[in-house]
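The feature region 'Disordered' is assigned by Swiss-Prot to 1-27. The compositional bias 'Polar residues' annotation in Swiss-Prot covers 1-12. Here Swiss-Prot flags 1-43 as topological domain 'Cytoplasmic'. Taken from Swiss-Prot, the feature transmembrane segment applies to 44-64. Here Swiss-Prot flags 65-333 as topological domain 'Lumenal'. Annotation comment: Swiss-Prot describes 98 as N-linked glycosylation site. As annotated by Swiss-Prot, disulfide bond applies to 108-256, with the evidence given as similarity to another entry.
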C-alpha cells in the first residue's frame, strides 16, 4: 500500500532531522553545566518560597497567640478623654416616649454577679445605697440577704434581653423603680427584621412602669474607642467583645460621683488563687463554670470573639483613684 506522507516520513530508515542550519548540538559538558545551573535556580526559588511561607506562618502564629500586655501597651497610647466630661445628651435614647436618663447620683454601688457575694450578708448595706446598679439577668429573689433588692439601674446586654424580659415578675414588677439601659451592636439592636429594640418596645407597652433606654450607636463607638485608647488594642481586630461590666463601669462613672463595686476580683486574682479552690462564675449558678477558668479562657482565646475580663479589670484598677472607685469582697485597689 502506497504511503501518502512525504518520503522522508515513510522510509523507516530515514534518520530524524538534525539541528537547524547554522546550529550544532551543545557539547555535553556545557549542557551539564546549564542543567546544574537550572537546578540551582529552582533550589534557590524553593528556599526563598519556603522562607517566606515560614515567616508568614510565624507572623500569623504570633498574632493569633498575642496576649494583652496591658502595662506596656497603655504607655504607648494617649490618655483617653475624661469620662466625666463625656456628652450625655445623645448617648442614651428612650425606648418609648421622650424621657431623659437620670444623670446624677452622688454615691453608687455596683453589685456584680460574682459568687464572692454569697454569705456576705451585704443586703442591708446595699439597700441603704443611694443608687444601685446590677447587670443582665442577675436575680435578687432568694439572694436578697447577700445582694439586696434595690435596683436603680440594670445594664443589660443584647444577648440577655430575652432572659430578662421572660421574667417580668423578677426584673420589672419586683423593682418598678428600675431604669433599664440596654446595649448592643447597632446591627443587632436595630436590624430590619427581629429588631431587639422592637422587642423591648413591646415589653414597654405591656409594662407601662418600665423605663428603658438604649445606648446610641455613636456612644457604642465611643466605648470601642475608649477600649483602644486604654489598651492599645482594636476591639474588632483583637477579636474582643466588650463585657457588660465594661459598659456598667463607664456608665457608673458617668452617672455617679463615687462608685463602690461589690464582688469584683482584682486582675491578678486567678494567678494567686489556689488551684483546687473553685468559685462559680455567677452567684445564682452554683453549678455553672468556674470563674477563673472563664476569665483565663476568655483572656487568651483567639478563635471567635471573647471578653477580655482580666484586661478590663486592669483598666478599672487604673481608674480607681481618677474616678473615685473602690472595691470590696474582695478588697483591692
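Cβ atoms are placed via backbone N, Cα and C, with glycine included.
Since the structure is predicted, the reported quantities are computational estimates derived from the model, not experimental observations.
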Mind giving me a neighbour count for residue 256 (disulfide bond)? Other Cβ atoms within 10 Å of its Cβ, every protein chain shown.
23
Under a three-state reduction of DSSP output, how is residue 256 (disulfide bond) classified: helix, strand, or coil?
strand
Roughly how many Å separate the Cα of residue 256 (disulfide bond) from that of residue 98 (N-linked glycosylation site), to the nearest whole number?
23
List the Cα distance (Å, whole number) between residue 108 (disulfide bond) and the residue listed as 'N-linked glycosylation site'.
25
Which of the three DSSP-derived classes (helix, strand, coil) applies to residue 108 (disulfide bond)?
strand
Identify which of the recorded positions 98, 108 has its Cβ surrounded by the largest number of other Cβ atoms within 10 Å, counting every protein chain shown.
108
